[in-house]
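> Next up is a structure, given as structure tokens.
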Amino acid sequence: MNIFKISSKNLIRNKLTTVLNIILVAFGIGILSILFLATNQIGNKLEKNAKDIDLVVGAKGSPLQLILSSVYHIDYPTGNIPAKDAYKLMQNPMVKRAVPLALGDNYNGYRIVGTDSTFSNLYGLSIQMGNFWHKDLEVTLGSTIALTSKLKIGDSFFGAHGLTGNGDIHKQHAYLVKGILKPQGNITDNLILTNIGSVYKMHEEKHKEGYSHTSAEEAKEINDKQITALLIQYKSPMSVILFPRMVNQSTNMQAASPAMESARLFSLIGVGIDTLQWFAMFIMGIAALSIFISLYNAMKERKYDLAIMRCLGASKSKLFFLVMFEGVLVTFIGACLGLLIGHSALEVIGAYQESSQAKLTGFTAVPQEIYLIWIGLFIGTLASLIPAMQIYKVDIAETLTKDR
Amino acid sequence: MIKISSLAHVYEKGRRLKFPCWEIADMEQWLLLGASGSGKSTLLNIISGLLEPSQGEVLINGTDLYTLPARGRDRFRGRHIGIIFQRPHLIRSLDVIDNLELAAVMAGLPIDHKRNHSLLHDLGIAELAKNYPDELSQGQLQRVSVARALVNKPDLLIADEPTSSLDDGNANQVIRMLTTQAKDNGAALIIATHDRRVQEYITKTYLLNEHL
């Protein structure tokens, strides 16, 4: 028998009110925790995947689309650029490292990326098993793909045309798995890497089709071939201003900066996040009001209980604490439940997500979530403050001589 | 042991009550008599430390109740005075045994499980320990509130109109129970009443007269 037991017994006695209040708090906290976790994870992913990429050069079109397709591998490419022009840019003195990309095929929804060894340098890739790709039609798998597709070294598979779906399979050539990458925690876990020549070979008979596919083995061959995009790392930060302008003005290609485009993307999503945040705050406000009203109303009946406890020797401050504790207990349970709801909801969302590139998970926590518990406790304190103050006004002698 | 002297209380509305001096020795049993409105409840509240008098002092075991700070007075009441109300106020969300334990917890004393059970046994309600107040009859509730008043081995047991809502049979039983329990537990007893049935059991009387 202690204050905790008295409070919880009283809460159990008023089951419906207690459950309502807990649910209100839990929903508010739940929504906030989903927002925290999702923005945190998306932000992290965006940042991680674009870490060392200063600029992307691709076909003219939406710069955001260019970034999404060639850095995050989410959207479709804007088109193709002539390999000749791209290789000219790669020779520019401001460029420290340039990675050519040729997109266009997939295997079970995982993108097959034609590139060269600079790609593995850019992302700092290392091999878990086997080797990097060397010849045409050899591939190295990202770790996630190796896990989900059950492909092993020495296995071969057919790629399908397009970036999603298995509709149009390239039956004439099979890829051979040469190696599997170590888990990197970024987009490369979900990519199948090969050389540009393979992508070109796949499409030899289908030159006229929409996506870009090119070979880059020999300079002569390159001349009228195309690639999808170029990931560029600058030699010095000075180039941030000069290089994009040069690309946009003097060539038929466009340059887009991942940092700027993801900032723009975030400001677009930001409106939705803000709205949800206000909505969650609103629910929390309702929860506080509901707790306040139920405690305040209960005080009419509880006056007797509290007067008896005073008679039995409890001090006013002890009873003040008792009433406060009840409100805080409800919001604390609600806050914990809310975090649970938030995490499991995000895990469920992640499980149903189609794009494997930006999967969300509920099995991580962010430090801000501690604040959510504090917010819950604060709301509980706020809502029970006025009801608890009633303790100081109750006239015990008078209360107890009156009938219930 | 208990002594009140030159006690008077003035209500906000201007009504003034004066109380004659009163001395109660250990384990004595007294009736507090008086017409309704003569200030019986006021006096009981003053003696139990719930209502600060305008004037005068209350000494219990040599402690002047109203020189104690409010917190100390609450604690003193919890440990030394057992109060039985006209209506048996029990905490409805707690079962009988928890209601008894509450008395110890609120007074800041350790819980004596053995004593709680033997009290229930003595009062003939041992089998009701796990029942909730809503499930008990008036008579049973009154017994539980007597048991609760005795939990902390008080020096003084105060009962305010304990029989007014009971029939003859139950009233006699409650009075007998109060007098024997007070004796067995070594507590003095004050019963405030205007019920003639009680006067057969207790001879010492303290009479409040409205026009004093």
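Cβ atoms are placed via backbone N, Cα and C, with glycine included.
Okay, so TrEMBL annotates it like this:
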type	residues	note
DOMAIN	A:18-199	domain 'MacB-like periplasmic core'
TRANSMEM	A:20-38	transmembrane segment
TRANSMEM	A:278-298	transmembrane segment
DOMAIN	A:279-394	domain 'ABC3 transporter permease C-terminal'
TRANSMEM	A:319-341	transmembrane segment
TRANSMEM	A:370-392	transmembrane segment
> So if I exclude everything within five residues of the ends of the transmembrane segment (A:319-341), which remaining residues of that chain have a CB under 8 angstroms from its CBs? That is, six or more out.
3-4, 6-8, 10-11, 18, 21-30, 32-33, 287, 291, 295, 299, 302, 306, 309-310, 369, 372-373, 375-377, 379-381, 383-385, 387-392
> The transmembrane segment (A:370-392): which same-chain residues, six or more beyond its ends, come within Cβ distance under 8 Å?
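Answer is 25, 29, 32-33, 36, 284, 287-289, 291-292, 295-296, 298-299, 303, 306, 316, 319-320, 323-324, 326-332, 334-336, 338-339.
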> Residue list, the transmembrane segment (A:278-298) vs rest of chain: Cβ under 8 Å, 6 or more residues beyond ends.
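Beyond its ends, the transmembrane segment (A:278-298) has Cβ neighbours at 14, 17, 20-21, 24-25, 27-29, 31-32, 35, 323, 326-327, 330-331, 334, 375, 379-380, 382-384, 386-388, 390.
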